[in-house]
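Taking it in order: structure first as structure tokens, then the write-up.
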Amino acid sequence: MRQSGRKSNQLRPISLELSPLVNAEGSCLIKIGKTHVICSATCETTVPPFLRGQNQGWVTAEYGMLPSSTSQRIKREAVLGKQGGRTQEIQRLIGRAMRCVIDLKKLGERQIIIDCDVINADGGTRTAAITGSYIALHLAIRLLMKKSILKVNPLISQIAAISCGIYKGETILDLDYLEDSDAEVDINFVFAGNGNLIEVQGTAEKKPFSEEQFLAMLKLAKVGAAELFKLQNQVLLGS
């Protein structure tokens, strides 16, 4: 039994609050257990220099954690004068993942910036950020189409992410911080809506894991992702 009382295949309680921010084209506050992330999507009429004149858009992402989002206060990276390696890795992951589910040609010569700000961290911030960012992106595209800025919907697919790992010899879904910090294996899976993989980030923390164990984690992660896709659809259809 997990310390939280959850079953091995059980997600933490999840909520998706639409449009908590009034200025972004799309936004979402995602809560997965005690991990809370605000995700927003903002549209700009400029693109990176390497895309100018190509009639193609771009999606990029920025990620950050509030100083009090963890048990011990973390210093703002702006004060330190540079982003940490973890921050850069996560925001690149989010940007790559989002670009996989949008037709950049149909976006036209504009850029959508995804901002993910962690309010409270209890494991799985990057996976929560990706799942919430899809909602923000979807709402932004919906608004751009309503305003006739976009004529065709450039979204190709849903996207969601979830962690899976081996903790005390058991394959478990959606690791919280205590589980993540003591797991033998920790893998983040990013899925498209049809179940295809977009990205896999995995590490053996204590000893190597077998192909059989990996496939068991993949199978469990697919079940979790299916629940996330269902929840995304429910909140979007009701908005």
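Glycine is no exception: its Cβ is also placed from the backbone N, Cα and C atoms.
The Cβ of Arg126 (phosphate binding site) has Tyr63, Ile90, Leu93, Ile94, Ala161, Asn188 as same-chain neighbours under 8 Å, each 6 or more residues away in sequence. Taken from Swiss-Prot, the feature phosphate binding site covers Arg86, Gly124, Thr125, Arg126.
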Nonlocal residues around Gly124 (phosphate binding site), in sequence order (Cβ under 8 Å, 6 or more apart): Ile32, Thr35, Ile162, Ser163, Asp174, Leu175, Asp176, Asp180
Densest Cβ neighbourhood among Arg86, Thr125 (binding-site residues), 10 Å radius: Thr125
Check: same-chain CB within 8 A of phosphate site center, minus Arg86, Gly124, Thr125, Arg126: Ile90, Val118, Ala121, Gly123, Thr127, Ala128, Ala129
